[in-house]
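What TrEMBL lists as transmembrane segment is A:21-44, A:64-88, A:100-118, A:138-162, A:203-227, A:239-262, A:283-301, A:321-343, A:350-370, A:400-420.
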Amino acid sequence: MEKEIKLSEAQITADLYPRKFGLPGMLWTSLLIAICLVGAYAYYLQLRDGLGVTALRDYASWGIYISNFVFFVAISLVGSLITAVLRLSNVHWSTPLTRIAEIIAVSGIVFAAIIIIVDMGRPDRFLYVMIHGRLQSPIIWDVVVISTYLVISLLLLYIPLLPDLKIMLQHKEKNIKWLNKVYHFLGSFWVGSKEQFRLSEKAINILAVTIIPVAFCIHTVTSWLFATTYRPGWDSTNFGAYFISGAFLVGAGAVVVAMYVFRKAYHLEKYITDDHFNKMGKIVVLLALLYLYFNINEYLVPAFKMKKFEVEHLEGLFTGHFAGIFWFAIATSMVLPILILLFKSGRKPLPMFIAGLLVVVGAWCKRFLIVTPTMLHPMLPMTDAPEEFMHYFPTWQESAITLGSLAGALLIVTFFTRILPIIPVQETIAEQHETDKDN
Amino acid sequence: MKRIKTTSAGLFFLLLFLATSLSALAQEVEKADLNLNLRYFLKNNKVPYLTVETNTKVERRFEPVQGMAVAVYLNEVAPENLLANVVTKEDGKATAVIPPDKREVWNSSHQHTFIGVAEESERFEETTSEIEITKARLAISTDTTDGARNVMVLLEALDDEGNWIPVEEADVKIGIQRLNTVLPVGPDDAYTTDEEGVALAEFTRDGLPGDDNGNLMLVATVLDNDTYGTLTLEEAVAWGAIVAHSNDFDKRSLFATRDKAPYWLLFLSGFIFFTVWGTIAYLVYLLMRIRKLGKTKPATKPEPAPVELTPA
């Protein structure tokens, strides 16, 4: 058990107050902006010349855009895990991680929505989804549930932020001038009265209860986009649970990476302690084991039966064209993190960071493997199709847009840390008071 | 010495060239055998037609010959008797009908000869095939005696005086048309005509699904008869079970258009949607209350002085 460190209110506020970027922060932000700009230019080319600039064709009509979409939806689920599940379980140690989880959730879900419009080719067609959409289609359910989840995630980010906004408004001179108007608009009405606290607590509790089924819905419905079609690799009744377990894992991995980076960059060792890493490590290893269990089910059972239409798909994954990336994804997203995190020494910040990174990278590859190989193995044989239709490798425009979207999500998180406390100040002070009282 | 070598080499290449050329010529001379078959069809006693079938033996197997041009003549090979010029398709088959301008010749006799001529090509020699056909017709009648349902098929041929006479000892298949095949009406596949030209079969397929009115399509076929060709006649008979087909088209279903979503889906999705968005609306209401409290009510305790950002 780590020794409790007594911190004054002033010190907590000073430690957690948003700070100007140093040189590494500026370089990091510039790099992200540059990647986003290249992505924006590639998107301009796609808008100008059509989806033909991508490698998406008749067969592989879903490529890295949809893989990226599934990845973003998955990573966004962490908001419900850290904020809601742990809150409702009366777990208090997660307080410093809630806002990290929520901003990852919001940025993830924003870019999930953006990338799906990118995949449509013509953005104006999104309007058609609204006008001509069929309620019977899981795509419509996905549109509805993503919008709902975005709103709930924003509320879950915003309401606990109110006391911190008040703190921000108390130190206007330290803030970027024009942002004071934003803080004023968002939080000037917060006076910290008992009644306001009571109502905000009530709202957060309702949100915590609401977000769990909605989070389950968002990823279950995303899995149904695949599972409701009769295709090798997708024709599974297990897909909802499989997707949710994978989503919790990648979300937790992302939080671990963010914890390490924020702790290092802002010297938050007193707030994001080794104990936090240890506990998050246990959560990640549990989720990795759970996801491994679902993967075994998802691949071993069809491989045991080797139904005729599954053979080519499974052989492609196990020993064929996609074998490299398949085994890489299995190793990085599950096996290696489990091996690292099962041991206490592996649940230290640096090994945890490495394990988290492996989980996130492996998870992206896993989403690619869920989407693309199945598209290249249709039920009916590919005949009278040009050679390029039978393979899929993303073009530079497609890759640039995808990387741009990933950079964009990171940019949201980065800007958020610059303008708002990434660890809840008021809650940390309140918890410190509670600890002082107990002592 | 050098000259001899040069001459020898020249002779060698000359012989090689000659050998290659002769071999090529020999190959050109050896043409494959073409099998050309004509078949005569008459369906429902209406317009007769012919099929031309071509195949050749390739490595012990008969394979259809595609793109073979065949001229079909009536009675004798002469330009004025040309019925059709046809080209075989992928399956080695082509179809020819008797054109209206040959109707008079066709009606003039009870017997005709069809001659197919495949002209010489790079692969095949000129090939000729012919069939002689006597005009014939089928008629179907049915009756029910003591609960037994009988099908009588009458086969008649035209004689040289223009009279229809019964055909004895001919095999007739009697069946019921199903989706892709013809199901025999009884235990036997084919029935033989008697001295009156009638083939009698008992219908034993009780309860067989018919169309909306319970109609079954009886099919009588004289198959590849050397004298009469292939004759087919269909006749509807109300011996089938009436099947009421349920049509789901344009009904509310998961695969219908957007305005035909099933009620259960509308109700369920609507319930979920309004429950969740109702909760969100309530949360917005709570936020508005928090906002109102801050604007109208002073804090319960005096505003504390802002803490210094630099820790002591």
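For all residues, glycine too, the Cβ spot is worked out from N, Cα and C.
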Contact call for the transmembrane segment (A:350-370) and the transmembrane segment (A:138-162): at least 3 Cβ pairs under 8 Å, seq gap 6+: no
Selected stretch (most C-beta pairs under 8 A with the transmembrane segment (A:239-262)) from A:203-227, A:283-301, A:400-420: A:283-301
Stretch with greatest number of CB pairs under 8 Å, the transmembrane segment (A:100-118) reference, A:21-44, A:64-88, A:203-227, A:283-301, A:321-343 candidates: A:64-88
The transmembrane segment (A:400-420) vs the transmembrane segment (A:64-88): 3 or more CB pairs under 8 Å: yes
Intrachain residues whose Cβ lies under 8 Å of the transmembrane segment (A:64-88), provided they are six or more past its termini: 54, 56, 94, 97-98, 100-102, 104-106, 108-109, 111-112, 115-116, 118-119, 146, 149, 153, 156, 204-205, 207-209, 211-212, 214-215, 218-219, 222, 243-244, 246-248, 250-252, 254-255, 360, 363-364, 367-368, 370-372, 394, 398-399, 401-402, 405-406, 409
Stretch contact, the transmembrane segment (A:203-227) with the transmembrane segment (A:138-162), Cβ-Cβ under 8 Å, 3+ pairs: yes
Intrachain neighbours beyond the transmembrane segment (A:283-301), with Cβ under 8 angstroms and 6 or more residues off its ends: 236, 238, 241-242, 245-246, 248-249, 252-253, 256, 314, 317, 330, 333-335, 337-338, 341-342, 352, 355-356, 359
